[in-house]
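Only one structure is covered here, and it is reproduced in the block below.
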Amino acid sequence: AVFATRGYIYPPLIGGDIGCGMSLTELKTLKSSKLDQDKISNKLRGIEGKNIAKLLLKKIKKKGPYESELLKNYMEEHPSIVSSNFNDNLGTIGGGNHFCEIVTVEKIVDEGIFLEKSLNEESVFLLTHSGSRGLGQSILDEFSKSVSLKVGSEECNRYLEKHDEAVEWGIKNRELIGRRVLECLNICKEDTSLILDVCHNAVVSKTFKDLNERYLHRKGAAPGDKGLIVIPGSRGAFSYLVLPYGDQEENCFSLAHGAGRKWSRNQVATKLRQKYGKSSKAHSVRNYLALTRTRFGNSVICEDKDLLLEEAPMAYKEIEDVIEDLSEFVKVVAILKPFITYKTRK
């Protein structure tokens, strides 16, 4: 949803995951035809460890001189990663519908735009969906009694300052998740290319044709005025790389950020437990393992069984229907296919 307001900002319309967004990064040293699913899955470990600063410092001591230099440079570039009360969660994916995913190209729809980015059918990407974790929720809690804030007031300015911090924290969080994945796969940052990083939970000011300034409150709504965006389906569905076009004012310069749920988490978990719960223990294990593969054969790394059930593909709408509904506002550039979806390991 997106709400355009004048003169007032409404923190509850943005919610607690301020700064949540999607990033898409090309992994230039990987080619889709050469990927080994089991090998890569086994390497993806330790992504959800806490206190990223301490972990990075430990890795600096353990790694060789080349890797140590990369990590030291990263620490110097991001000195604030040891300064926030919430940085224990920095560089972690979180629960719910958050994930990081290695995706490949299923189909190039607009070759011209795709080639402009020096991409091809063999390109491999890291798609990351995460936000500000506990920081954003703490900001919402702090302003929970303020249903509305008058623009220009001291309280509104204080909220916006904290809001902007959470947005930057979310960007940094996605970057650090990516860095952890690169470390697992022994890929240097120099061998990657950031295609996009867009936020879909935030408030931004925007001037409309009537020359009035409005405040767009985006809650799960991707920006339609920032160039390329990626709209993912479930872990068992395609994702779409699209370019917004046409007059975006009609839809408040905003688009769907994903397929969206058709069943609540409780509904889908109940349905699947009814299906699997009465079976023998051995059969239940086989059914659980079946949920770690999708119809594409891609691997799903999720060792939290409740989360695996709650985020099952059948809980989500058909992404093709969502893209068709957006056809007036977006041009499909490419269709991306999940290869490995990572949510959590114990």
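Any Cβ shown, glycine's included, is placed from N, Cα and C.
Automatic prediction, not curation, is the source of TrEMBL annotations.
So that you can see what the record holds, here are the features copied from TrEMBL:
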BINDING   ASN97, HIS98, PHE99, CYS100, GLU101, HIS200, ASN201, SER239, HIS257, GLY258, ALA259, GLY260  GMP binding site
BINDING   HIS98  Mn(2+) 1 binding site
BINDING   HIS129, HIS200  Mn(2+) 2 binding site
ACT_SITE  HIS257  active site, GMP-histidine intermediate
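The binding-site residues HIS200, ASN201, HIS257, ALA259 include none with a CA atom within 10 A of the CA of the residue listed as 'Mn(2+) 1 binding site'. Within 10 Å of HIS200 (Mn(2+) 2 binding site), counting C-alpha to C-alpha distances, fall the following of the binding-site residues ASN97, PHE99, GLU101, HIS257, ALA259: HIS257. Rounded to a whole number, the distance between the Cα atoms of HIS129 (Mn(2+) 2 binding site) and ASN201 (GMP binding site) is 12 Å. In this entry, GMP is bound by ASN97, HIS98, PHE99, CYS100, GLU101, HIS200, ASN201, SER239, HIS257, GLY258, ALA259, GLY260, whose most widely separated C-alpha atoms sit 20 angstrom apart. Neighbour list (ASN97 (GMP binding site), Cβ cut-off 8 Å, at least 6 residues apart, same chain): HIS129, GLY258, GLU311.
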